Every structure is written in C-alpha cells, then in structure tokens.
C-alpha cells in the first residue's frame with residue numbers, strides 16, 4: 001500500500017498515513033500491475049484539488065486607503081480623476097527626483113542608507129501582503145520570524161561588506177576583529193536559531209500554511225535583500241555604476257508613461273559622457289582610515305578617459321568623419337541602457353503578475369499616485385543583478401587598494417614573505 005505523510009497536520013517522525021486506494025486498484029496485490037507514473041498522476045490530481053480548495057478560501061486584500069495630502073486634494077478638486085492622478089503622480093515624481101539628487105550630493109554613505117531603507121520597506125510591503133492574506137489563520141510567529149530572518153541576512157551581507165572594504169578600520173578594533181573572524185559562523189548560528197524557532201512554532205492544523213509562509217519569506221529575502229546587496233557592491237565600484245543603471249530604468253519608466261519607448265534612450269549616452277568627467281562619480285568608493293570617512297578620489301581608469309575610435313566605412317560616409325572621441329564607458333552604457341529597455345521591464349511584468357494573483361492594484365499606498373516603494377523598484381532589482389554580473393565579467397580587475405587592505409591584516413612574518421617575493425619578482429622583470 002502506498003504511504004505518504006498526512007497533508008493536513010504535522011505527524012511525528014516516521015508517522016505515515018495511507019492514502020485511499022487509487023481508482024481501479026484492488027485491495028489485494030492487483031495494484032502492482034498499474035504503472036508508477038499513473039499512480040503519481042492520480043495523486044497529483046487529488047492534491048491539486050486540495051490546493052484549489054485552499055486557494056479559494058484565501059480572502060481578498062482590501063484596497064489601500066488614499067494617502068494623498070489634503071492640500072493636493074483641494075488644489076486639484078476641479079479636475080477629473082484621470083488628470084488629478086496625472087498631476088499627483090507628476091508632482092511626487094519631481095519631489096522624489098529632487099530628494100534623490102540631494103542624497104547624491106550628500107555622498108556614497110547616504111546612498112547606502114537609502115538602499116537599505118528601500119530594501120526594508122519593500123520587504124515590509126511584500127510580507128504584509130502575505131500576512132493580510134493569511135491573517136485569519138492566526139499563524140504564530142510569522143511576522144516576528146520574517147523580520148528576524150531579514151535581520152540575519154542583512155547581518156551576513158553587511159558583515160561581508162565590512163570585511164572586504166573596511167579591513168584597516170577593523171584591524172584597529174579588537175571587538176570587530178572577533179566578529180569579522182567568526183562572521184560566517186555567527187551568521188549561520190543566528191539563522192539556525194530562527195530555523196529552530198520556526199520548527200517549534202508549527203501547529204498541526206496550520207502546518208501546511210506555515211510552510212507556505214516560510215517559503216514566502218525566503219523567496220522575498222532572495223529577491224529583495226540579495227539584490228540590494230548587489231546594488232551596494234556596484235556602488236563601491238564607483239557611483240556612476242549606481243546612478244546610470246537606476247537612471248536608465250527611471251527614464252524608461254517615465255518615457256513609457258509619457259512619450260513611448262524610444263524617447264528616453266539618447267539622453268542616457270549624454271549623461272554617461274557628462275558623468276565620466278568627474279572623479280566624484282567614476283572613482284571607487286573607499287574608506288580612508290586616516291580621515292575616518294568615505295572618499296572618492298583616484299586617477300580615473302582608462303574606462304573614463306577619452307579615446308579615439310575609427311568609424312566603420314558606412315558610418316564614415318554618413319557622419320563625414322573618420323574618427324570619433326568617446327569615453328569607453330559610453331560604449332558600456334549602451335549595453336546597460338539596452339538591458340534596462342528590453343529586459344528590465346520583465347521585472348515589472350513579474351510584479352504585475354504577483355499583484356494580479358492577489359487581486360491588488362499596488363503593493364502599498366506609501367506614495368500617492370505611485371503605490372508602494374516596491375511598485376517603483378520592481379525593475380530596479382533585476383537591473384541590479386545584471387550590473388553586478390556585467391562588472392564582474394567585463395569591467396572589474398585587480399583592486400590595488402583592496403589588496404593593500406588585505407596585506408595590512410596579515411601577520412608581520414607573512415607580510416615580510418610577500419615583500420621578499422614581490423621584490424624578487426620586480427628585480428627579475430628589471431623594474432628594480
């Protein structure tokens with residue numbers, strides 16, 4: 001007889017519950033003549049019916065309340081709902097862009113805090129949808145464990161960042177040295193504690209739903225937290241690798257809303273040309289222990305130095321010139337903007353499908369006229385992964401500053417061995 005664990009509860013170790021005989025299966029041994037694939041198909045059909053019945057019991061999420069400021073409501077009261085939404089959306093868009101420019105002016109550290117704040121808010125919006133859908137089941141510890149796992153994952157990722165980029169600062173602090181040395185073990189121990197708490201919170205009649213929400217939390221962490229960590233990694237390579245991809249998606253969204261697909265592409269190449277001139281945007285973000293702050297000072301790499309390129313024959317005839325001066329980064333910006341225009345919107349399609357599955361218009365009502373934070377950053381997370389992979393594949397080379405930081409952490413005898421080896425190597429090459 002085929003035995004499977006009971007679907008409705010959480011039996012103890014080794015406990016199995018026999019399924020009723022499959023259609024056409026005798027009580028004796030005749031069932032052995034039936035193929036295994038047919039059995040599995042019938043089992044899947046019956047469990048599919050169970051899933052559909054449970055899904056039909058999921059309550060619809062009530063629409064979010066209108067959080068438009070009263071002053072805007074009064075000022076736009078004479079307009080139709082269509083034009084009122086257009087003005088609200090436009091005013092708040094300009095406000096957000098102005099605040100974004102202000103944060104850029106405040107420096108890289110404030111941008112990192114901005115990314116962290118957006119990450120937490122997006123996580124909150126998605127987890128809240130899950131909580132509101134299954135709230136009637138009164139699942140124990142769901143929200144508490146969700147936020148605990150968010151804390152654990154952020155501790156792991158930001159600890160890795162500190163170990164990579166702040167080695168000289170960590171070297172001076174004994175307490176931080178202990179945390180960095182055993183960082184991964186501590187991170188695993190924290191996660192393991194949450195895992196055990198989840199197992200202890202299982203309730204027999206809600207066990208299946210609790211595993212649904214456990215998966216919900218982890219998929220949200222994968223999509224939100226991992227991508228935001230990649231955004232910060234790109235930011236450390238230079239602010240331009242943070243600004244241009246985000247601007248590409250923003251321009252694509254705005255022009256798709258106002259003018260159509262093609263109007264937003266040309267200004268991005270011009271923006272890349274302008275930003276490439278300034279160290280503030282092109283230099284990697286580094287932590288200087290002597291001044292105890294982030295700095296963006298360097299000799300720009302060849303990527304941000306004007307180069308002369310020979311044009312193909314068909315372009316020579318059109319442009320009537322044989323050579324053109326460009327920053328190499330402008331060529332890379334074409335790849336970034338192409339991805340933002342062609343593939344980036346699929347992040348929005350994914351988010352739209354998610355919202356449609358739960359019969360909601362927006363993830364939240366944080367921004368009047370725009371919805372939630374997640375509604376505005378659904379494409380950005382997909383773009384973040386592409387930029388990180390693109391930099392690692394085509395741009396990033398050995399980082400002398402990072403290598404030096406790692407050398408300073410080593411024991412004196414190891415530093416001497418490296419010094420002697422490097423000296424011999426430079427003498428053999430005739431440099432010394």
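Cβ atoms here come from the backbone N, Cα and C positions, even for glycine.
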The annotated transmembrane segment range in TrEMBL, which must be one of 239-263, 264-288, 289-313, 364-388: 239-263
Of the residue ranges 329-351, 398-420, the one that TrEMBL records as transmembrane segment: 329-351
Of 116-137, 182-203, the range TrEMBL labels transmembrane segment: 182-203
